[in-house]
Amino acid sequence: VSTSHLQLAAFALGTVGWILCTVSMGIVEWRVWHVDNTTIISSGTAWVGIWKVCFISYLHVSPGYKEQFCHKFTGYDSSIPHEIYAAQGLLLIAMFMGLLGLTATIFALRNVCMGITHKTLITRFFLVGGFFYVFAGLCVLIPVSWNFYSVTHNQSIAFPPSSYMPSSPAAQEAGAAIPIGIVAVILLLLSGTFSLSYRLPVTANAITK
């Protein structure tokens with residue numbers, strides 16, 4: 001057990017990183033658009049996520065919505081930029097990979113804490129868990145960096161007319177999902193590094209089955 005302190009920290013960091021990855025995927029505030037025309041977008045602010053775009057409107061712009069209007073992206077919205085579709089796929093992969101990393105780490109830590117002497121198997125599960133953590137971190141890093149680049153360059157999006165969104169904002173800024181994603185990347189990569197650093201303890205009567 002004394003040789004796996006870093007791996008225990010890896011599990012804790014990986015758990016938080018995986019949760020933050022899931023949170024960033026679910027919230028809509030990836031890109032915050034500020035628009036001049038407030039006829040429909042009453043607050044002048046719209047939130048562009050990877051699954052939908054939302055804004056506050058005091059007009060009845062859609063059945064069932066009187067204040068907040070959301071337009072969900074579909075596979076038919078060919079005008080949606082590649083970084084949004086890439087974020088959808090890569091974050092789903094990251095969530096699955098992170099879960100596999102947590103599972104492998106839990107199994108290895110269980111064997112360590114129970115004193116199971118199958119040390120080679122324990123090492124392999126730590127290494128597998130570390131690989132999944134690193135892979136998940138990279139899958140989060142790509143869409144976060146890509147969307148942050150689009151924000152800093154104030155890139156436009158040709159939204160379909162049904163979204164009631166202009167194609168270009170007056171200005172835009174990074175939403176809460178991007179810093180959350182950055183923290184998730186850091187934690188997942190640290191988790192992977194700690195898990196991959198595990199080495200078999202060297203003892204005189206080491207059993208390496």
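Just so you know, glycine gets a Cβ as well, placed from its N, Cα and C.
Per TrEMBL, the feature transmembrane segment maps to 6-28 (among others). Taking Cβ pairs closer than 8 Å, the transmembrane segment (6-28) reaches residues 47-54, 70, 87, 91-92, 94-95, 98-99, 101-102, 105-106, 108-109, 112, 126, 129-130, 133, 136-137, 140, 144, 175-178, 180-181, 183-188, 190-195, 197-198 in its own chain, all 6 or more past its ends.
According to TrEMBL, the transmembrane segment annotation covers 40-59 (among others). Under 8 Å from some Cβ of the transmembrane segment (40-59) lie the Cβ atoms of residues 25, 27-34, 65-73, 84, 87-88, 91, 143, 157, 159, 163-165, 169, 175, 177, all in the same chain and six or more residues away from its ends.
According to TrEMBL, the transmembrane segment annotation covers 85-109 (among others). Tertiary proximity for the transmembrane segment (85-109) is limited to same-chain residues at least six positions away from its ends with a CB under 8 Å from its CB atoms, namely 4, 7-8, 10-11, 14-15, 17-18, 21-22, 24-25, 30, 50-51, 122-123, 125-126, 128-133, 135-137, 139-140, 142-143, 146-147, 188, 191-192, 195, 198.
Residues or ranges marked as transmembrane segment by TrEMBL: 121-149 (among others).
The transmembrane segment feature in TrEMBL is assigned to 169-190 (among others).
Non-local neighbours of the transmembrane segment (121-149) in the same chain are 4, 7, 10, 14, 17-18, 21, 24, 30-31, 50, 83-84, 86-87, 90-91, 93-95, 97-98, 100-105, 107-108, 111-112, 174, 178, 181-182, 184-189, 191-200, 209; each lies 6+ residues outside the stretch with a CB under 8 Å from one of its CB atoms.
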